[in-house]
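The NADP(+) binding site annotation in Swiss-Prot covers G166, R167, S168, S191, T232.
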Amino acid sequence: MSARILDGKALAQELRAEAAAQIAELRTQIDRPPTIAVVQVGDDPAATRYVRSIDRLCQSLGAACRAIALPAETAQADLEATVATLSADDRIDGILLQLPLPAGLTLDGVLSRLAPEKDLDGIHPINAGLLAQGRPTLTPNTPAGGIELMRRYGIDIRGRRAAVVGRSAIVGRPMALLLLQADATVTICHSRTPDLGAVLRECDIIAAAAGRPGLITADMVKPGATVIDFGTNVLADGSMVGDVDFAAVAEVAGAITPVPGGTGPVTNIMLMRNLITATRTRLGI
């Protein structure tokens, strides 16, 4: 069996057009572009590249991006003050924190100063709680992109058995909740799960978010299953691979996302969708 490739790049182009139209409508309603503030602490090259990519995406869709670059030695109080100022700024519609924060800084303190209605990552305790209650408003972008990929490619989630490999607060847990809300029967697997393969072989949908290259092999996958790979692991030679042994699993699965080019492109569009939602909700549009 050769799996159908769930092409995130192609889907992202379709979603870009939808987002651009919605942003154009918002611009006429608020007489300015919807604006995202991206807060980066330190000068990690990968983080800097990502901020630039968000800036380019905003410009291409008609939104605005304000990048706030803070030195790595920024004190906790100063970071919290920056986030509080952005939260109070009426011309900032959404805030994105570049994670993880450098050593010595704690996320909980920063989130306490972040306006939940501007939380574009969906990680504020209020937004996480709403998601857990089945009333999501701003949903974490990466898992939202995985669900959108399945929905747009016509993959039925209702009534299916699903496994999420990984339990992070940004990807694994919210992905499990989104699958549950789509009426899947969900199992969360992690580093303490005995015999991971035995669990996965029973599942129609596998979402991999463990951060371990090649963790999921072909013998772990039920024939015809849908495999969503959130992994972004950079190898010593600079290449990027997912958590799934793509070539081998693609011969068994019914559908699979590649890395790169699968969930990643859709994740960024989900960020823009959250910006649109945040702007509309905050301004009562």
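Note that Cβ sites are derived from N, Cα and C of the backbone, with glycine treated the same way.
Mapped onto this structure are the features recorded in Swiss-Prot.
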residue : record               : Cβ neighbours (10 Å)
G166    : NADP(+) binding site : 24
R167    : NADP(+) binding site : 18
S168    : NADP(+) binding site : 17
S191    : NADP(+) binding site : 10
T232    : NADP(+) binding site : 20
